[in-house]
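S.K.: Below is a structure I'd like to ask you about.
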Amino acid sequence: KNRNKSCEMRAAKRGIDESQLSSDDVIEVKRSKTREVAIEVGSEPLETHRLYFTKITGLPSRFNECAYNLDEILNQIKPVSSIHFNFMVDTQWLISQYPTSSRNLPMTIVIGEKLGTSAREIKEEAEKEGWTNIVVDTASLPIPFGVHHSKLSIFEDDNMHIHVIVSTANLLPYDWEGKTQMFYYMRTAVGIQPSEREERKVEKEVPIVMDLIEYLTRYKMDGMEYWTDRFRNSLFDFTVNRIVFSVPGYHKGEEMNLVGHKSVRDILKKARANDQNGRKTLICQSSSIGSLGARPSVWLGDEFTLSMRGGRDPTGTQCWMIYPTKEDVENGVDGKAGGGSLPYSKATAEKQEWLLKNMCKWRAENWGRSRIMPHVKSYLQVDQTTRRFDWQIVTSANLSKAAWGQLQKNGMQLMIRSFEIGVLIMDPNCIRVPFDYPLARYKEGDRPWYIDDMDE
């Protein structure tokens with residue numbers, strides 16, 4: 001029991017023991033061309049309601065403990081039916097991750113109608129390769145500059161158990177093998193005797209499951225009812241963790257409290273009121289930064305921080321932004337190529353120079369990932385007195401109005417451009433911070449990596 005929890009504790013302990021080592025000591029600069037064998041006999045099974053890292057090719061094995069490749073996950077699940085919601089998909093690679101027995105079974109891929117991988121591209125490849133088991137659907141993006149950025153996969157196995165992965169990774173090989181990524185795993189309860197149900201708090205209407213059903217109902221497409229019905233009729237272990245998501249639109253009334261940063265405000269206000277007492281620090285870590293305005297009060301220091309504080313007055317709340325410096329990227333394992341998925345632009349940065357004094361470097365020595373550029377997005381609240389983390393959000397959403405929403409019409413409307421999904425971790429045993437703390441602030445002369453640097 002709890003074998004995987006002890007596995008994480010071992011990994012964390014080893015990370016702390018080795019935290020004084022430099023990145024050069026703990027990362028093999030040249031990645032091996034072959035990966036470790038997937039799912040060896042005796043491998044620890046995935047534990048429900050837990051956060052995991054993706055496994056990094058070429059990283060010493062001690063830093064890949066309790067981390068998984070996609071093929072390792074799918075070899076555990078052995079799906080008979082799948083649905084993927086994502087921004088970018090390499091279909092050939094995705095199919096290759098499945099065990100051979102699952103590769104011709106039903107699979108749905110939901111992609112955006114704009115940007116990212118195109119539905120037409122996947123359909124044409126499926127027709128060419130004879131993948132008759134694949135259905136491709138497109139999510140509507142009614143507001144300009146919106147994207148279908150969610151990264152969610154749902155599987156059913158041959159015992160009719162449901163498995164869910166909420167990830168920060170695109171369905172691309174380099175995303176899963178070469179970037180710092182995380183995913184949250186949950187599954188239906190198994191092996192439950194009637195006498196154990198109350199002790200384990202196993203039930204149908206677990207809040208995180210109802211959140212997921214709410215999200216799926218926003219897709220007006222054939223086949224979605226199958227998955228929502230499966231969730232409604234399945235038993236899950238209870239958790240205080242919650243799904244938080246964004247969907248495009250102009251949201252009003254009670255609807256505002258179900259989406260974007262307002263959903264975080266509503267959940268924390270109701271469930272974690274005590275966590276909002278005292279002085280707090282908000283840490284935002286993402287792989288891109290949007291246009292936040294000429295002053296902190298335009299959005300970040302006002303409505304966004306207000307939501308992250310559960311509706312409490314954000315005055316006095318420290319807010320730090322973790323984003324790789326130009327030097328971080330250039331000294332990373334992949335050099336400048338590692339900055340290709342860090343699309344913060346110079347033009348945007350120059351319009352919000354105030355943010356620079358709040359920025360911190362990317363450091364993950366405890367996990368051996370300082371030189372593995374982050375694609376994970378993680379938001380945390382720290383109690384300044386106890387130095388403990390109150391909660392954590394791991395999500396597809398970057399720090400932007402398009403992803404989290406912007407209040408309009410005197411706060412009576414929340415405008416969101418994109419689809420996003422993540423998990424609000426409120427169980428302290430599930431929090432897993434992907435970067436080092438205390439933080440490493442930018443020094444004089446440091447600046448963020450700009451996507452423009454790719455052209456130098």
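The backbone N, Cα and C atoms fix where each Cβ goes, and this holds for glycine too.
In case it helps, TrEMBL gives these features for our protein:
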ACT_SITE  H149  active site, nucleophile
ACT_SITE  H375  active site, proton donor/acceptor
BINDING   K151, K377  substrate binding site
DOMAIN    144-175  domain 'PLD phosphodiesterase'
SITE      S400  site 'Interaction with DNA'
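Help me picture where these features are in the structure shown.
M.R.: Cβ neighbour count for H149 (active site, nucleophile) (all protein chains, 10 Å cutoff from its Cβ): 26.
Sequence-distant neighbours of H375 (active site, proton donor/acceptor) (same chain, 6+ apart, CB under 8 A from its CB) are T168, A169, D175, K179, T180, Q181, S287, S341.
Note: K151 (substrate binding site) has non-local neighbours F85, N86, F87, V166, S167, T168, A169, N170, L171, S396, I421, i.e. same-chain residues 6+ apart with C-beta under 8 A of its own C-beta.
When the domain 'PLD phosphodiesterase' (144-175) is classified with DSSP, helix, strand and coil residues number 3 helix, 14 strand, 15 coil.
Sequence-distant neighbours of S400 (site 'Interaction with DNA') (same chain, six or more apart, CB under 8 Å from its CB) are S288, I289, G290, S291, L292, listed in sequence order.
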S.K.: Can you name the residues of this chain that are 6 or more positions from K377 (substrate binding site) yet have a C-beta less than 8 Å from its C-beta?
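M.R.: T168, Q285, S286, S287, V394, T395, S396, A397, N398, L399, G422 - these are the non-local Cβ neighbours of K377 (substrate binding site), listed in sequence order.
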S.K.: For the domain 'PLD phosphodiesterase' (144-175), report the average pLDDT of the model, please.
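M.R.: Mean per-residue confidence for the domain 'PLD phosphodiesterase' (144-175): 97 out of 100.
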